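J.: Relevant sequence annotations retrieved from Swiss-Prot are reproduced here:
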- T82, D84, E97, Q116: Mg(2+) binding site (BINDING)
- K99: site 'Transition state stabilizer' (SITE)
Amino acid sequence: MVNYPHHFIRKQSKPSQISKTINFANRGMSFEAAINATNNYYLSQKIAVIHKKPTPIQIVRVDYPRRSRAKIVEAYFRQASTTDYSGVYKGYYIDFEAKETRHKTSIPMKNFHAHQIKHMSQVLDQKGICFVLLHFSTLRETYLLPASHLIHFYRIDNGGKSMPLDYIKKNGYQVNVSAFPQVPYLDIIDKNILGGD
């Protein structure tokens, strides 16, 4: 014990319990930022080259309040975007979408659009690896769902229903988040899609 001046006794605080589950919200990080960090890790370790696709935007009007400051006031999407991420892993083309929800029992299919479903189907037709990463923020659970199962569910009623978590658990794979990489989805690709260890 350390004796402080004026007989001040420092109270020993008990170490707090550390949650085993990483919560992106508690760390000030969005699900998308965690995926981007994962992709940066994969790139730096020469495991895969996967990037977020830029969204093409048409700038219509810009205000210049000062010469050095331009402010975009009006802009539109040039075309409907396909999926969020694409790249190459072990010679395979990878293409995936990432969605986050606060719902506990399902994910709304309105989050997926017909042009995205069509794009995913085209990727699968070319033997690419296509999937969605689904993060249930309230439950702190993340799943990888192969695109074939998303497409099948979407076509039941043209994306009008919500996809139950039970369907995702039955047809997908839980991603166990970690420190490095944060969202290790390639582990699931290796084990369950490519058939490796």
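Cβ atoms here come from the backbone N, Cα and C positions, even for glycine.
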J.: Round to a whole number and give the Cα-to-Cα distance in Å for the pair T82 (Mg(2+) binding site) and K99 (site 'Transition state stabilizer').
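T.: With the alpha carbons as reference points, the distance is 13 Å.
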J.: Taking the mean position of the Cβ atoms of T82, D84, E97, Q116 as the Mg(2+) site, which residues outside that list, in the same chain, have a Cβ no more than 8 Å away, listed in sequence order?
T.: K53, S81, T83, Y85, D95, F96, H119, M120
J.: Got a sec? Which of these binding-site residues, T82, Q116, has the most Cβ atoms within 10 Å?
T.: Q116
J.: Return the count of C-beta atoms lying within 10 angstroms of the C-beta of K99 (site 'Transition state stabilizer'), excluding that atom itself.
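T.: If we count other Cβ atoms within 10 Å of K99 (site 'Transition state stabilizer'), we arrive at 18.
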J.: Which residue, of the binding-site residues D84, E97, has its CB surrounded by the fewest other CB atoms within 10 A?
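T.: Among the binding-site residues D84, E97, the sparsest Cβ neighbourhood within 10 Å belongs to D84.
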